[in-house]
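Asks: Let me give you the structure first, and then I'll get to my questions.
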Number of protein chains: 2
Amino acid sequence: MSLQKVSSNKTFGGELIKYKFKSEVLGGLDANFNLFLPPSAQKGKVPILTYLSGLTCTEDNAAQKGSFLGPAAQEGIAILFPDTSPRGAGIEGESDSWDFGLAAGFYVDATNPKWSKHYNMLSHVTVELPSVLTAADLPIDFTRQSIFGHSMGGHGALTLYLSSLHQGVKQYRSVSAFAPISNPINCPWGQKAFGGYLKDGIEEAKEKYDATELIKRAKFPVNILVDYGTGDNFYIQGQLLPENFLKAARDNGYDEVQVRVRSQEGYDHSYYFISTFGADHIHFHANFLKA
Amino acid sequence: MSLQKVSSNKTFGGELIKYKFKSEVLGGLDANFNLFLPPSAQKGKVPILTYLSGLTCTEDNAAQKGSFLGPAAQEGIAILFPDTSPRGAGIEGESDSWDFGLAAGFYVDATNPKWSKHYNMLSHVTVELPSVLTAADLPIDFTRQSIFGHSMGGHGALTLYLSSLHQGVKQYRSVSAFAPISNPINCPWGQKAFGGYLKDGIEEAKEKYDATELIKRAKFPVNILVDYGTGDNFYIQGQLLPENFLKAARDNGYDEVQVRVRSQEGYDHSYYFISTFGADHIHFHANFLKA
């Protein structure tokens, strides 16, 4: 699992480094990720924020377009940008659609035997990456982690955060999401993904991989920020369903301090939307990561 | 020359709009550009900053990766992102290399008959785009213009600024550049481009298209900011030559207030470098655009 440095770019006084390594949980395939280290990482360990990207993305898109690095440099926070699926598994049908398979791992551990050797992005993000970064002796304090993401990655961030809390593990101090797929068992993207990756499909997803279901049953304090745009076509088409998540949270007694869902007038699904609120999200997490 | 809106994204409270139109100076081809309008453009006319991109780019790269839009929204400045060459001319050899022809127009008006019908990015940027935007009645005050750019676009920004002043025209109030090709008649990129586009090659370029030559003969006040990185491979290979530009400016009596050239330790040629200093450049131009 030793890390190989692919490239490095100085940026905002810190460094954006691309690494690759042989990923065991992804079935022995090479996995890439980007890591932003703020200038303060030269002096000591820094907290880390994991960013999960959406459909069709790699580890690069948000590093380049998210407008996160400047604010993270200021706040002294590292950002980890994983890829969105295994690459090179060669599973039949893997590249047939843009919303399933390649670049569409949905941050689950697959249980359908066809996919379960490789498609384990949940363990890749929550267990394997922290472990390889720790082994590489990078200046990161893994007792201070938070997570955020966009669209499919917003789904990933919310579910990884909530399901770890359900298991009594405080892996992440806070979560935020841009235009997350908030109730995937009730939208076409989620139904297709879970139907493919999971042996028991929607039933299995309802237990583990649906943010709305997870917040319904939650009995712990949370720190959640969600932004979505009213001009987002995927929102309009019913792929995101943030209202379902918000209603479930309110019905379960969470107030605006613990679960804040903001409707942003006229914004769409693009990085032009994400970058607008990027600094906001970094500062939100800084409250918890630096507490 | 009427404008057609291709797309529009709300961002930082303003709007990033992609337009296309039939460009006369590019020989009747469709030309695309992006225009960022800050929130304050809803209330009245705003000043405009033109950004010229580098080799291989389109009108999109810097809009997405430059980190310019947030600061421009704050300052109330519009940004115009032209393309980097005509598209679809179909000239023999046009797509043979990445540093000449397509996406490599070098912001000249070609005089070699092979290229002169289409490759007129100088007139496209300085005359045609302001004219079509004015005709479209967009909320832009063209008495307040500045210009900036990266690499080939840094060359473009410096030469368009300086040559207009040499002609006694104050089209732009200030200029800035990231890693500009600063003395193109003395580097391989410039020699190849000018040898192709210009009937009299380097001789013609020396008169009109070389920032170092233009600052040598300048007899007027200027507002110039240049940043380059010491880890930039193109700088190391001698494609940029910012020292030649700086020496010519100092020899001609320009001090650090009028011509500021900053060497940035360890930064490279990428958008990770540009975005780091993007806000700086916007605020530099705001001093003059809002004076």
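Using N, Cα and C of the backbone, Cβ positions are placed for all residues, glycine too.
According to TrEMBL, the record shows the following:
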ACT_SITE  A:S151  active site, charge relay system
ACT_SITE  A:D232  active site, charge relay system
ACT_SITE  A:H269  active site, charge relay system
Asks: Can you name the residues of this chain that are 6 or more positions from A:D232 (active site, charge relay system) yet have a C-beta less than 8 Å from its C-beta?
Replies: A:A179, A:L240, A:Y267, A:D268, A:H269, A:F273
Asks: When you measure from the Cβ of A:S151 (active site, charge relay system), which residues in the chain that are at least 6 apart have a Cβ under 8 Å away?
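Replies: When sequence neighbours closer than 6 are ignored, A:S151 (active site, charge relay system) has A:G54, A:L55, A:F178, A:A179, A:P180, A:I181, A:F234, A:L240, A:H269 within Cβ distance under 8 Å.
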Asks: Including all protein chains displayed, how many Cβ atoms other than that of A:H269 (active site, charge relay system) lie within 10 Å of its Cβ?
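Replies: So the number of other Cβ atoms within 10 Å of A:H269 (active site, charge relay system) is 23.
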Asks: When DSSP states are folded down to helix, strand and coil, where does A:D232 (active site, charge relay system) land?
Replies: coil
